[in-house]
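Listed in Swiss-Prot:
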type: DISULFID; residues: CYS133-CYS189; note: disulfide bond
type: DOMAIN; residues: 113-205; note: domain 'Ig-like C1-type'
type: CARBOHYD; residues: ASN104; note: N-linked glycosylation site
type: CARBOHYD; residues: ASN144; note: N-linked glycosylation site
type: REGION; residues: 26-110; note: region 'Alpha-1'
type: REGION; residues: 111-204; note: region 'Alpha-2'
type: REGION; residues: 205-217; note: region 'Connecting peptide'
type: SIGNAL; residues: 1-25; note: signal peptide
type: TOPO_DOM; residues: 241-250; note: topological domain 'Cytoplasmic'
type: TRANSMEM; residues: 218-240; note: transmembrane segment
Amino acid sequence: MALRAGLVLGFHTLMTLLSPQEAGATKADHMGSYGPAFYQSYGASGQFTHEFDEEQLFSVDLKKSEAVWRLPEFGDFARFDPQGGLAGIAAIKAHLDILVERSNRSRAINVPPRVTVLPKSRVELGQPNILICIVDNIFPPVINITWLRNGQTVTEGVAQTSFYSQPDHLFRKFHYLPFVPSAEDVYDCQVEHWGLDAPLLRHWELQVPIPPPDAMETLVCALGLAIGLVGFLVGTVLIIMGTYVSSVPR
């Protein structure tokens, strides 16, 4: 699905510094942030994020209206009412017009994303694995990511993360595809974004070692046989010489 242009985007971030080293210092042992939270007019979507030391703990998606923990284990020791995140998104939405006027209606630059595809673990034929499509350098956070197998769209088992913020105020996103490696299948991660002139395809296929040709196999066998014959002849000669020497009277 092609992306249509037209977006109003608002951001909000609240930082919390823990254990500052000295009065007025900007450095801290740890840093937590409620945000970045954003709302965008394109598709009426938004996200509220809580981070600790620049690592996302959870996010609240406007459409899902629920807190999604980056790792399920995080939800075992902490709780968060998603209404708090939704309220933050609503506040940004309510002030979008003001933000647009203050920016003098200047449009942000669409940044081309970078795409990398790699397997989760060592690939073995016939053994289930997961392909990971890492898309970073995203801005604005509006993107379409599609998996293709042999040129055909794949949706079964596909999973994705929310947008992860980066220190440079860009975003990162991960897409996952369960698959069973086969020498016949090839995969592509297709990315559509306003920073790209055309959909970007990042290719992946299993690299199967090429066996040596028949001529090479024949040469290897011939060399092995020749070495064996030479060893046999040398051994025979040594035995004969040893027998002759032992039979000579001293």
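Backbone N, Cα and C define each Cβ position, glycine as well.
For the region 'Alpha-2' (111-204), DSSP puts the residue distribution at 0 helix, 52 strand, 42 coil. For the pair CYS189 (disulfide bond) and ASN144 (N-linked glycosylation site), the Cα-Cα distance reads 10 Å. Least packed by the Cβ count within 10 Å, out of the glycosylation sites ASN104, ASN144, is ASN104. Mapped onto three states, the DSSP output places ASN104 (N-linked glycosylation site) in coil. Using a 10 Å radius centred on the Cβ of CYS189 (disulfide bond) and all shown protein chains, the other Cβ atoms total 23. Residue pair ASN144 (N-linked glycosylation site) / ASN104 (N-linked glycosylation site) shows a Cα separation of 29 Å. The Cβ of CYS133 (disulfide bond) has 25 neighbouring Cβ atoms from other residues within 10 Å, across all protein chains displayed. Across the structure, ASN104 (N-linked glycosylation site) and CYS133 (disulfide bond) place their CA atoms 37 angstrom apart.
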